[in-house]
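Following: one structure in structure tokens, then a few remarks.
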């Protein structure tokens, strides 16, 4: 019998959310969905007595099996449950031995015998991705889209001997978006909500409240399994039906047609509204009229004359290209030269002859560099051509990108005609008169060098936290926008000038970008202030000022990225040379938080770009505006299209797709620890992306009695209230030595009373509004929890009585180690203070380190020996001694433990965006 089971059972803990009634469960199924259902049921306290899944494939266990084996749950891997329609006795006996009270089948590709289905006390429940009785069968999601259903959903039903016909336990539904695919529908709703529903269904059964609603046959349908063989497009249909057919097979199994005699699979379909763009005709076998290859993609027509747009094409060999590149996917077509252009070409041929004197004749295939030309010859060629042909803006880089004589002439003629010129950037601004200036703010997605609306046309309001008013509407990026942005970044990396650019030239562009940021620093600081609530003076100095410094710092690194030569044992009698190269990773994703919108962009993007990568960046949903202004400046700086892409929108949609996308090679994230864990998991499951995470903190600050009191009060307040407390390294807990505790608190409160709370654009304001209302509400709840637990609220704890999202600077004392506010960060202006006994250095160190976080820490003492002793023992990525919040672009920044891993800033940050290749040569 080909099955295995782990023999050791272990006790497991449950979450704090604990129901009274629990069941013994058998999980029968497979996949990541099955794994998540299994894990969540265990978290709710149910006992999984057995996992029944498929055998390992190519030595790799199914995710459900991996989770079960890790937890010590008995895991059975049956190749089959039946032979010739009859149950296998040994398999059934093994199943019965675990004593399950309920079978839970989240996703199961095997046929399970009815004597297994009916065996438990409560029977079996199954998840099905349609609103039964509609779309029974294994391809339910496909058919939901193929039929153009306006609603999708899933059912959890009681298994019977029919095919998806058992009584309904519960159902959930959602709207189908016009351009949803199988992937987007599954990822957005069917997967996350399905997991929750399976857990809810089990609890309803445990509580004796689960309904059994018989399925009606009215409106019932059953469709067969969709395979590649039966997914060919039928062109004798209206455009919308063709669109539904294509998206209903996207990504699996893929709708296909025949173009130029070969099967081509179509992906990324959307209905085309408005006028059809200009393009080149393409014959589609069986279609009512030819398609049209345009800059936007492949336009296809239905029998009703309406059009749809397909973004990507995949050929039989697996190669996928943007549909817009169909005619340029092979050799690029040559331009036909006029008589005058031919004369110029001959003059240029003579210039080549003069430089390449060792070459007998300059043929079309003659390669400039293979013929012996060097960098000085490039300069000579460019200058001689400029002299002969005034008005042609030729650059050294052009020669490196067109190295044969034919390619050089083609490039030259295109420049002469103006065909190579980039389209002028068109920006629709949201314009505001504020802070004694006119502020122009882009508000659309920035993809492939252009500002454009989200593909689905959705937008949302971004709010000014000073008064709660709407600043403007911002595009709400979709999954399709992510895919377009990643494709643009990949194209820019693989084929664009960025990937072939000299490192020093890349550095020059980054220096120019920093100069433009400095030129616009007042405008950037104003946008940052109204969008995030940052006090303008702080925004000018830190949010924007440090961003400029960061780009200048990493611009200087571009031509200093080096490998090593490594002595190795020689392969006698031959000799060997081994060296390493540092290379860019490719397309990188960056997801940043809302507390320092522009600075967090700079910390990650500057290192990423300096290393030679391209990027897709998602700003925080509530603070997108400085990132979009940065995108505009990047175009003015000359950064090639596709290198930088900015997508405002939700983390659940845009961030998740970036985590899952197979073409992204690195993801850098700053945010909360729970989201960081989810990102890390998604990155691992998709394509093992490299990840760097800067996550939550609860940074301790220890103040000894021998400190400089004035400085300790001033810096201690800054450690908590800097940037309204919305600061990842904020001192989440102060430990003050007992003999100075009361004086310290008195001094702090006295200084707080002097702080001016108000409009962040007022230069005299010390303390602005919290970033958004949901965060303010969370802070107020945090303070309420502190009071309920018995901490002493010395000052603040309430919302300021004025419009906007203002929070009083707050001080808690008598905070004990077990309290919630002692363990969890507020991410706001809340000072949490605990005493420690005089002289108890090791005791306070133990308390300071008793946290799962390790981002930053600090100590104030005038005893240098004590300072060094404490700094060596504090478990944090950064230790401040007699200062706080002192960061610098050259100093690495990042945490330990559940505060994440990887570094921003300094040389360490550059290494996060590089890979090391070892090369060994025998000679």
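Any Cβ shown, glycine's included, is placed from N, Cα and C.
In TrEMBL this protein carries:
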- 110, 111, 112, 164: (6R)-10-formyltetrahydrofolate binding site (BINDING)
- 339-416: domain 'Carrier' (DOMAIN)
- 592-594, 618-621, 651-656, 671-672, 778, 825-827: NADP(+) binding site (BINDING)
- 694: active site, proton acceptor (ACT_SITE)
- 694: active site (ACT_SITE)
Residue 778 (NADP(+) binding site) versus residue 164 ((6R)-10-formyltetrahydrofolate binding site) - Cα distance in angstrom: 44
Output field, (6R)-10-formyltetrahydrofolate shell: CB within 8 Å of site CB centroid, site 110, 111, 112, 164 dropped: 105, 108, 109
Per-state residue totals over the domain 'Carrier' (339-416) - DSSP helix, strand, coil: 49 helix, 2 strand, 27 coil
Pairwise CA distance, residue 621 (NADP(+) binding site) versus residue 694 (active site, proton acceptor), rounded so that it is a whole Å: 18
Neighbourhood of residue 112 ((6R)-10-formyltetrahydrofolate binding site), C-beta criterion under 8 angstroms, separation at least six: 28, 81, 103, 105, 124, 159
Nonlocal residues around residue 653 (NADP(+) binding site), in sequence order (Cβ under 8 Å, 6 or more apart): 188, 477, 478, 479
Max CA-CA distance, Å, over listed (6R)-10-formyltetrahydrofolate-binding residues 110, 111, 112, 164: 14
Lowest local Cβ density among 110, 621, 656, which the record lists as binding-site residues, within 10 Å: 110
Neighbouring recorded positions, C-alpha within 10 angstroms of residue 827 (NADP(+) binding site) - of 110, 111, 694: none
Neighbourhood of residue 618 (NADP(+) binding site) by C-beta distance under 8 A, where only residues 6 or more apart in the same chain count: 477, 589, 590, 591, 592, 646, 647, 648, 649, 651, 654, 655, 658
Listed binding-site residues (111, 827), ranked by Cβ neighbours within 10 Å, top entry: 827
Local Cβ density at the residue listed as 'active site, proton acceptor' - other Cβ atoms counted within 10 Å: 28
